[in-house]
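J.: Take a look at this one; I'll ask things after.
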């Protein structure tokens, strides 16, 4: 085949001429680079290669990282992982070999990406996110992603989403908004964990997290400043009252002073908000994670105190009374998992009071059937969105 035949067969002469004309119109200072990029943009993007590897997450636990290639570049994503998962959540595929990473290795998930998922997705348009996801769901064929692993599917899905945004030449958040049919976007209010307890800290506090929400901020930047200032003011308060050891932090970065009651923790946070001058602008949220201290139909608020455990049991009704009083005494706007994962009745009764946002976590486990039930029965009015644990 001659050069001219090659140019004609692929219509390269026309494409090169268009690129040159575009460079002239743009008065490009680097016409070669401009022409190269122009031609590159004129070619529809397809997935050409997908590779996966095992990496360590922020907790030092193995997770899966994926590199997805198109003719526009390489796009990388790793699968996030929470510390707690419910029995109905999608399955993170782990190796189970206790001799490697205590059984938490993800080489099986990596193999699934490199062999099965890669083969199924090569050649697909990365902008067609729903089709890409559906191919992986069809390949898995299970309700909770146990065959391929939710971690494998999610890492590939995120990488494809990034590739799709690049193909459309829009920021990732705009691409996601368009995929979900949203025409306007709003920045979320950041949530700062400032006090840790429960399963996330070594103190005697039952509630797992006390958080602050800078709802009165005018910008995201201002909200970050308010959160930072309050966090460090809280550190000073805890140091004065409990010594420097009281500023040891829990798993999620909140301080873990040796306190044992909800009110002690909330008093500390409220004092910090007052001292920083953000009273009225910063609200409080709690992740109670009550499943951890539910015994039968009662809740042991001293479950972390061996000498006192069993002496501070509360019934569901008494827990509701406690939450109502706390919301009256403190600027609490959100309570996550206030009851056991099976305690639908009391969760619904608390929601009916309308005193704050009631967030379902273990209760819903992001299982569509549980979410549908919660909506139909008005059990809670918010959910904790864990991207990694979404089940079909």
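Just so it is clear, glycine is given a Cβ too, placed from its N, Cα and C backbone atoms.
Take a look at what TrEMBL says about it:
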ACT_SITE  252  active site, proton donor
ACT_SITE  386  active site, proton acceptor
BINDING   287, 336, 361  Mg(2+) binding site
DOMAIN    47-176  domain 'Enolase N-terminal'
DOMAIN    184-391  domain 'Enolase C-terminal TIM barrel'
J.: On the DSSP side of things, how many residues of the domain 'Enolase N-terminal' (47-176) fall into helix, strand and coil, could you say?
T.: 54 helix, 25 strand, 51 coil
J.: Mind checking which of 252, 287, 336, 361 has the fewest other CB atoms within 10 A of its CB? They're the recorded positions.
T.: 252
J.: Do me a favour and check the Cα-Cα span between residue 361 (Mg(2+) binding site) and residue 386 (active site, proton acceptor); whole Å is fine.
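T.: Taking the Cα atoms only, residue 361 (Mg(2+) binding site) lies 9 Å from residue 386 (active site, proton acceptor).
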J.: Would you count the other CB atoms within 10 A of the CB of the residue listed as 'active site, proton acceptor', including those on all shown protein chains?
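T.: Within a 10 Å radius of the Cβ of the residue listed as 'active site, proton acceptor' lie 19 other Cβ atoms.
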J.: Among 287, 336, 386, these being the recorded positions, pick the one whose CA is nearest to that of residue 252 (active site, proton donor).
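T.: So, of the listed recorded positions, the one sitting closest to residue 252 (active site, proton donor) is 287.
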J.: Which chain neighbours of the Mg(2+) site, leaving out 287, 336, 361, have a Cβ atom within 8 Å of the mean position of the site's Cβ atoms?
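T.: Apart from the listed residues, the neighbours are 208, 209, 286, 288, 289, 335, 337, 359, 384.
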J.: In whole Å, note down how far the CA of residue 386 (active site, proton acceptor) lies from the CA of residue 287 (Mg(2+) binding site).
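T.: Pair distance, Cα basis, whole Å: 15 Å.
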J.: What is the pLDDT of the domain 'Enolase N-terminal' (47-176) when averaged and given as a whole number?
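T.: Mean per-residue confidence for the domain 'Enolase N-terminal' (47-176): 91 out of 100.
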J.: For the C-alpha pair, I'd like the distance in angstrom between residue 336 (Mg(2+) binding site) and the residue listed as 'active site, proton acceptor', rounded off.
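T.: A Cα-Cα distance of 14 Å.
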